[in-house]
Structure formats: C-alpha cells, structure tokens
Amino acid sequence: MEMEHQSQEEILHSSKKSTFLEALKTPKVKRLILLSLNVLLLLIGGTSSPLILRAYFLHGGYRKWFSGFLQTAGFPFLLIPILFSAFRRRPTQSRLFLLTPSLLLYCTTLGFITGINDYLYSYGLSFLPVSTASLLISMQLGFTAMFAFFIVKQKFSSFTVNAVALLTFGAIILGVHANGDRPDGESKSKYYLGFAMTLGAAVIYGMVLPLVELMYMRAKQEVTYSLVMEMQFVIGFSATVFCAIGMAVNKDFQAISREAKHYGLGEAEYYLVVFFTTIIAQFFLVGIVGTIKYSSALLSGVIIAVCIPITEVLAVFFFHEKFDGEKGVALALSLWGTTSYFYGEYKEHKKSKAVVTETQLLPLSIASESSEV
C-alpha cells in the first residue's frame, strides 16, 4: 500500500516537473525570461556605469575622448556569443553571419551617432555630480517618447503622457536650481557646459532608441537574438572607432600611461577602473538592444529612468554628494513618473487580456444561441 502511494506521488511529481519544463519552452515564457535577463543587464549597467565613470574623473582622469571610447570598447566580448551561435547554425546555414549589407550600413551609422553621444555624456559627467547627471539623463525618456511617436508610431496612453511630463518637469527643476551643487573649485562656465552636454546626450540617446526599434521593424528578416548581438557588435565597433579618431587627434593614446602613473587611487587601480568601465558599459548596451527587441524603445527608456534613484543613493554613499531639496523633488517626480508608466502598462495588459478572452468566448456564445434556436 505504501509502495503504491509512493509510486503515485512520484508520478505526480514527474508530471508536474514535465508540465513546468514544457511551460518554459513556450514562446511567451521564453520571451519573458529573455526580457527579464536583458532588463537585469540594463539595470546593472545603468546604475553602475555613471558611478565608475565619475570615479575615473574624480581621481585624476581627464580624457573625455578616452572615457567616451571606454563606453563601447567592450564590443569584442560580444564575439563569444556571436561565434557560438554561428557555429551552432553551421550545419543548417551556409552563412556565418546574419547581417545583410543594408543592416551593416544602418548599424554603422547608428554607431557613429552613439560615439557622439558617448563623448557628450563623458564631457558632461566630467563636470557634474553623478546625481545631477543621472537626473538630467532621465530626460531621455521624454525625448524617447517624442521620437518614438514620430519614428515608430508609438501609441500613448494618458499614463505614458503623465510619466513623460513628470520626468521632464523634474529635469527642469534641476536646471533652474542647478548652480547649488557645483563641485568645489569648478567654474560656473564649466558646470553649465557640462549641464548642456549631458542634456545633449539625453536628446541623442532619446533618438537612438527608436531608431534601433525601427531597424528591427525593417530588417526584412527574422530578428533573432543572434542577429541583435551582431548589430550591437557593429554599433559598438563604429562608436569605438569614432572615439578613437577623437583620441588620436587629441593625443589621448600617448597620455594614457602618464595619466595612469598620476592617478589618485594608484596605477593598478586606474587600469581596473578602465577595465570595469568597458564591462559594465557593455552590460548597459546589450541590455538596451535586448529590451528593445523583446519589448520596445519606450520600455528601455523607462528602465533607464528606474536606475536613477539607485544611482542617487549610491552617489551620496560613495562620493558624499549633496542631496538638497531640489534633487529630492526631482527624484520624487522621477519615481512618480516611472510608477505612472508601469501602472499604465499594467492597465493596458489587463485590457488586452480581457479583449482576447471575450474574442475566444464569442464563438461559444454564438454556438449556444444557434442551438437554442
């Protein structure tokens, strides 16, 4: 009797396990898992990247082109998943890489635009506290929404409009009261130049995200994750080449060893900062393209905005930055705007689910009516 009961439990357990494994293999669950993974990468990169880049400048780094270069120089690491995927496809496909010439050209153009954005962001962060720069970058959500409306015909709900308005208003509050958190020994002109450069970076990145989504829409081939990695590789390569040209003109290559020797934390630590900047920035970039692939440019913009409160707290903790009333208000508006967006998405999801259920039930109701007749 006990053996029969035990065997029944084992059968039940194995059936539950097989049902769970089958559920994991469904396209919807796979998509959700991959989206979650990319959102996690985006959160890690979006939170940590400003902090480590600011650490570079605070302790004696001053090369803007070099720091811009570091933000995409980790692109060779993408060769590992790209080649792994290519060799797995090898028995069934003759092509080693999936990129077409038109996509290659598009990615190269996007890479040059990203290079400009990297330089502007590095320039701004060299003069601004992390907390101020992060809150300014949150304005990219407003620009992403605007460009997404025109470029990919993104539809807006009242919650999305509310989120964009709140985040934009928060950045305006910072702009009006910006001079209060100017680092010691820094001139007003440099501070405001950093402010303008960071705002420019937010505008450009707000345009890049919908352009990436447009590229996926017009790819004229199945946009697999392998293809996304190849696209990001080309974008990273182009952006790195763009910044490398700026480094050559500015004679940054000759200055790196000299800068390392005089770095405040030590020479070995300098190269560690450089290395981890490239790794963490790559997390950020891969997370963005993956989030756009499995959701939308607007969601990636919102996730970047979500990183802000975490970065704010860490900046106060690690760099002892001021956190005054204006920043508090801007942060509250940022959190309010982000919550508004996600609540709107939740409402839309429930609405679409109800429509699907109603559509599925409609034939049954028609059938029952006809049987009664």
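One is the number of the first residue shown, and numbering goes on along the chain from there.
Each residue, glycine too, has its Cβ placed from N, Cα and C.
Where the annotation comes from TrEMBL, it is an automatic prediction and has not been curated.
For 32-53, 65-84, 96-116, 128-152, 159-179, 191-212, 233-250, 270-290, 297-319, 325-343, the entry in TrEMBL reads transmembrane segment.
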Winner by Cβ pairs under 8 Å against the transmembrane segment (65-84), considering only 96-116, 191-212, 233-250, 270-290: 233-250
Range from 96-116, 191-212, 270-290, 325-343 with most C-beta pairs under 8 A to the transmembrane segment (32-53): 270-290
Contact set, same chain, for the transmembrane segment (128-152): CB under 8 Å, 6 or more residues outside the stretch: 50-51, 54, 121, 160, 163-165, 167-168, 170-171, 174, 178, 181, 183, 191, 194-195, 198-199, 201-203, 205-207, 209-211, 213-214, 217, 296-298, 300-302, 304-305, 307-308, 311-312, 315-316, 319, 321-323, 327, 330-331, 334, 337
Criterion met for the transmembrane segment (191-212) and the transmembrane segment (233-250) (at least three Cβ pairs under 8 Å): no
Close approaches to the transmembrane segment (233-250) from elsewhere in its chain (Cβ under 8 angstroms; 6 or more beyond its ends): 63, 65-66, 68-69, 71-75, 78-79, 82, 99, 104, 107-112, 114-116, 118-119, 282, 285, 289
